[in-house]
Amino acid sequence: MVSHNHTNATVRLKGLSDKKKTALAGYLFISPFFLLFAIFGAFPMLFSFYLAFQKWNGFGEMTFVGVKNFSLIFTDPLFWKSIYNTIVIGLLGTGPQLIAALILAVALNSAMVKFKSVFRVAYFVPNVTSIVAVAIVFTVLFSEQEAGLVNATLSLFGISPVSWQTSEWGAKIAIATMIFWRWVGYNSIIFLAGLQSIPKDLYEAAEIDGAKKWQQFLFITVPMLKPIIVFVVFTATIGSLQIFAEPLIFGSGFREESMTIVLYLWREAFSNNAFGTASATAVSLFLLIIVFTTINFFASNRLDKSGK
Amino acid sequence: MLRKKGFVNKVTIHVLLIIGALLSVFPLYWMFVMATQPNHVINKLPPAVVPGDKLVENFRNVLENVDFFGAMWNSFVVASLTTLGVLFFSSLAGFAFAKLQFKGREKLFAVILITMMIPPQLGLIPQYFIITKLGWLNDLKAIIIPGLVNAFGIFWMRQYIKDAIPDELIEAAKIDGCSIFRVYWNIVVPSILPAFATLGILTFMFVWNDFLWPLTVLRDESSYTIQIAIRALQDAYVKDYGMILSGTFWATLPLVVVFLMFNKLFISSLTQGSVKQ
C-alpha cells in the first residue's frame, strides 16, 4: 500500500514540468520559516494587540475592557518613569560611547600604531561576555560600600561614596557604564572597517590644500562614515529601548530608579499576573520604537540633504 | 621639529589605546580576582586587585548552590541545536530566494525583511502561553524550536549564495538530472562554508548569551541555561560574592577562550553581520 502510494507520487512528480518542480522546491525550502513565524511570531504579535484590550490574569476568563489597560498604565507614574529611565539610560550609555568608539577607531586606524590586532582583541572581548555576567560584575564593581572598587577609586579624588544601586543618578550611570563597556569596542571596530574603506587620496588632496587634521576629520572622515554612523545609531536606539537584563540584575529586582519599559512589561506579566496591562505595555513599546525609528529616519535624511 | 611632533603624536595615540585596552579587559580580570577571594574581601579597604587562594573553594560552593555543569550542558545543547537548525533552514531558504524561480519570490522576501523590524518583546506574553499550551515549559524545546530559523539568517544566506554560486552551475547540474535538493546539498553547501562559519558564530553566541526568553520559559532548575543559573546564584538571599563571581567567571571563560583562539573569525563574523545588514 505504502509503496503503491509512493509510486503514484513519483509518477505525478515526474509529470510536472521542470519549472513547476523548481517552484515547488522553492516554496518547500522557505516554508519552515513561515511555519515557525506563523506560530511563534505573527500569531503572538497579533494576539498581543488583542490581549491589550482584555483583562486577564493568565488562567481565568478574559474580559474585554476596552482601552482601560492603556488608561491604567498611562496614569501609572511608574510607567512614565520607566520610559524616562529607558531614554536617559539609553542616551547616557550610547551617546558618549559612540564618540569614544569613533576616537578609538581613528586612533587604531593611524598608520603608526603597532600591535593593532592585540588592541582589536582587547576591545572586542567585552562583547563576547554575556549581559548577565557583565551585570553581575558591575554590580560588585559599583557596590554601595565605601570599599566598592568604583567608590574606593573615587575616594582617591576626594569624592565621597555614591549609593550606586539606590540613587536616581547612581543607578543610571552604573547601568549606562555597563552598556558603554560592552559595546564601545564593538562599535569602534565597525567604525574602523568604515575608516579603512575611505580612499587615502582624499586625505592626500586635503593635505595639499592645507587642511588641518581636525578639518580632515570633520569634512572627510565624518561625511564618509555617515552610512555606518546612521546604522550604528539606529541599532543603538532600538537596543536601548529594549534594555532589560542590566537593570533587573543590577537593581536586584524592580527598583524605581532603574525600571525600564521592558522591565515594567515583565513585572506586570510575570510578577503581577496582569497580562492585559503587560500587553498594553508591549504595544506601547512597539509604538515607541516606531516613533524613534521614524525620528532617526528623518534626522538622517535631513543630514543627507544638508550634506549636499 | 616635525619628527618630534610625530613622536609625541605616536606616544599620545598609544597611551590612549593602552588605557582603553586596560579598561576593556580590567572587569574580566577583576572577575577572576574576586572568584579567588573570600566573601569578606568585598568590604575590605583597599580593594583586592590580585588573586587570592579561594579559587577551588569558591567553585565548590557554586556547585553546592546550582547544577553548574548541568546548566552548561543545557546551554551547549540549546546553542548547538539552534545553530544547526539555523544553518540548515536559513541556507535552504536563502538558496530558494537567491536561485530558484517561483511566483511571489520578491514579495515573500520583502515580508521576511519586514519581520526583522518587529521587536521580540511585542509577542513575548502570547509566546509564553503558546509554550505553556504545548507543554514545553521548563523544556529546552521551548528555546530550540522557535529559534530554528530566523529572518536574519535567511537574508544573510541569500546575499551570500547570490554572489557565491553562478547560475550556470546550477542549471548544468539540473540538466544532468540532479534533484533540486541534490543541487543544494552537493553544490550550494560546499561553496558557502565561510557563510556557515559566520552565521554559526553569530547564532551560537546569541543563543548562548540570551537571557529574556530563557528566563521566561525555564523556571525549573533542571532546565536552566548557564545565564539563568548564574542569575540564580546572584539572586540568592545570602550573598557570597566570591562564590557568585566564581560561577560568573567559569561561565564566561569557555566563550572567551574560544574567542581568543579564533578571534579573527569572531570579530569579522560579528561585525560583518551588522555592517552588511
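Any Cβ shown, glycine's included, is placed from N, Cα and C.
Per TrEMBL, the features are as follows:
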- A:83-296: domain 'ABC transmembrane type-1' (DOMAIN)
- A:24-53: transmembrane segment (TRANSMEM)
- A:83-109: transmembrane segment (TRANSMEM)
- A:121-142: transmembrane segment (TRANSMEM)
- A:173-195: transmembrane segment (TRANSMEM)
- A:216-245: transmembrane segment (TRANSMEM)
- A:274-299: transmembrane segment (TRANSMEM)
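Highest Cβ pair count under 8 Å relative to the transmembrane segment (A:173-195), across stretches A:83-109, A:121-142, A:216-245: A:83-109.
The listed stretches are A:24-53, A:83-109, A:274-299; of these, A:83-109 has the most Cβ pairs under 8 Å to the transmembrane segment (A:216-245).
Residues of the same chain lying 6 or more positions beyond the ends of the transmembrane segment (A:83-109) and with a Cβ under 8 Å from any Cβ of it are 116, 119-120, 123, 172-173, 175-180, 183-185, 187-192, 194-196, 217, 221, 225, 229, 232-233, 236-237, 240-241, 243, 247, 257-261, 288.
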